[in-house]
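In TrEMBL this protein carries:
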- 1-88: domain 'S1 motif' (DOMAIN)
- 104-175: domain 'S1 motif' (DOMAIN)
- 198-263: domain 'S1 motif' (DOMAIN)
- 370-439: domain 'S1 motif' (DOMAIN)
- 459-528: domain 'S1 motif' (DOMAIN)
- 554-627: domain 'S1 motif' (DOMAIN)
- 649-718: domain 'S1 motif' (DOMAIN)
Amino acid sequence: MLLLGCIKEVSDYELAISLPNGLSGFVPVTQISEAYSKLLTKQVAQGELMEELSSLPDMYSAGTLVRCIVTNIEKSDDGRRSVKLSIDPKKVNKGLHSAALAAGMVLSGSVLSVEDHGYLIDIGVTGTHAFLPHQKAKNYIKAVKKGPDLKIGQNLNCLIVEVKNEGRVVCLSIDRSEVAASIATERQNWALSNLLPGLVVKARVQKVAPLGMKLTFLSYFTGIVDFMHTDPEKSMNYSPDQVVKACVLSVHPTSRAVRLTLRPPFLHPGGAPRQLPGQRMGAVLEEATVKAFYKQFGAVFELDDGTLAFARLKHLSKTRKSFKPGAFKEGCKHKCRIIDYSLMDEMCVVSLKHQIIEARFLQYQDIHTGDVVQGKVLSLKPIGMQVKVADGIRGLVPSLHLSDVILKQPEKKYNVGDEVKCRVLECNPGGKKLILTLKKSLVQSKLPVLSNYEDAKPGLITHGFVVCARDFGCIVKFYNDVKGLVPKNELGSEPISCPDKVFYEGQVLKVMVLKCEPQQERLLLSFRLSSKPGLEDKWKCIPKEKQEVKYQIGEIVDVKILKKKDNGLEVSILEDEDNVVAWIPTLHLSDFVATSELLWHCLQEGDVLPRVMYLSDKREHIILSRKSAVISAVQEEQVVRSFSEIQPGMLLTGYVRNVMPFGVFVEFPFGVTGLAPKVSMSDKFVTDTKDHFVVGQTVIAKVMSIDEEKQRVLLNLKVSECSSGDSAAESFALLNQYFKELKGIRDLLRRGEPSICELVPGKRVHLVVQDVREDGSALFSGSSVTGLTVTATRYHLGDKNIAPGEKRKALVLHVDALTSEVYVSLREELLKQRP
């Protein structure tokens, strides 16, 4: 049977296809095309990757329409049927022959080879060579964005432009506008033996019935449009003899029954059906209204957003006996859940079954790493145990994870059909891969789940399992394939000479993170949990009388600079008899990153810095901050002291701790950290995160959501979202603070570089031209700018030609105290404005 389908999912080994009337099927990798299968066979024989062989995700995208032919219907042990399909043109176009080919026909083709002037296309017709010139393919290639060229095995919707030598040579086009404009006509001599799905025809309504209607097309063909495929805008407002545009959906091989659709996206070849928004899948709807009930098929509902949905008969009640047709009269309301989306019908598929509405998981996307799930044992194999988590969701428990100890005969402990409680080690929804563990110590663990390197903060204690014990130490694995090394000296409080005699593969142990480098995916761990107290234990180690003397976070102190170091200032806290030494990182000298560097440059040993805030106590260091926005937030109690105080919607002042390709980590006073993902970083589109934020930058962040189990905070840094209301007042306050700090820097500069302090933007100076560069800019000197580099760009020289040695009047535009550079302008219109 020939059908028009729409690609739903693409994996390395198959295409999942949405078929009409809520059905679905699969195209195995061996049923793409003859040329592609030959390449696959060659690669398997040679045992190495071949350049010309592209993977299915490189060639196909979800949402693309394809012509398919049913090759097989398999029945599984549990009675489910699986439809196997092929998109190989030799099978799909088997009804066509050379003499039947005509210009204007639209049919499926597959790339056979790449030539100098175009592509040879396999259209499945024996004795016909089909050629696609580059010119007729370039617009399609640009739109599809799958690379600069078409790839061998790529399936195409082709339009025959020209037929030569009685059909032995045909010229094709895949240009979307040309293909979309084509309509099947009588002149193309279509016959029932070769009629193809996907053809767009002009049809005449013959008969209208409650479940659909009958059409005639191409003079003598008749076809049926069922209730799911009438135009939803027009509903059933069709009348006999009305002329409509229709698309062939399927052709039955023996009965020659033709089914058509009147839905708009299919009415021009190459169209794409509407997709369902991702967040709607799995949604539970309290009230869905019955639009129509069909006793052989099911019911059509109208959802809360006005779209239509279909529920099959078996999904309308728990059992056949409990089904009450009276409950499905037009206008009745029911609670339902969206369980699928049929691309070919552009309709949600819903279920009214209570167990499905209450189900925790419907698809792989609903499962997260670290979740504890109930499952049923399906089979036991040498590789491990297959577990059914929910309908259509299966997971694998590798043999290493069947128990806390290695089981030699797992069949003695587990039987098919047993209920088991597992924990998710890894979940990849795209590849439908679910790896589970039955190790009790992991399933029952109350410690944080470590599923990515970014969460591995020094001091974190969690459970992991040993995958390798060697002379150098142990490799321990966590969730999502995160792994780290426990070096030999961190294996225990006493030296261990032979780790492989003490530790075994699969052993679950508590470990502490010592160090993590997320970008390199390097993790250093320790089994010695008490040797290095975590930050939270540090206070416990200090005697009570000394603990009282310690400073509290938020306390304001005055400090004296002892030493200038590359990344900060070592200072002593004044008014403290013990001469406590503390540290101000350069980035904490100011809210403004540029000002921080300038301040570090200007300050000298012995200088006193007033009003500095105690921020934290890390690694025996007292960390202080001079960021005025952070100090204000702490003093006004607009802070959170622990994770438990965080609420979505809060506006918090913090500073950027790390900028990663996927987002920005922000730290707040009292040590709470959150992540602003790439999509929530800026009101502008973010290509590179480093273009938007720098480490140390002060930011106001809005809390989007919190994950208590993983102790994670998701933030929003969009300026439009992070204003407390009076944005103008906030902006002026920031600007005022910036100029206030600049004034303070100018006073500091007067000590060492008095000349640079006199130069303020807008000041007129007398200069001598030193040199004119190749790019048209000029260098100047003068008594008022001794020791400084003075530059004017080509634009700011105005219309005059200047030569070295000439005296000129200039206006100061900008002074960079950090690099001792001054930028000036000689333009008349600027000089005239100043007295």
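Placed from the backbone N, Cα and C atoms, the Cβ positions cover glycine too.
Keep in mind it's a predicted model, so treat the numbers as computed, not measured.
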Range from 1-88, 198-263, 370-439, 649-718 with the greatest count of C-beta pairs under 8 A to the domain 'S1 motif' (104-175): 1-88
Across the domain 'S1 motif' (459-528), average pLDDT on the 0 to 100 scale: 88
DSSP residue counts for the domain 'S1 motif' (554-627), split into helix, strand and coil: 13 helix, 37 strand, 24 coil
The domain 'S1 motif' (1-88) - residue tally per DSSP class, helix then strand then coil: 20 helix, 36 strand, 32 coil
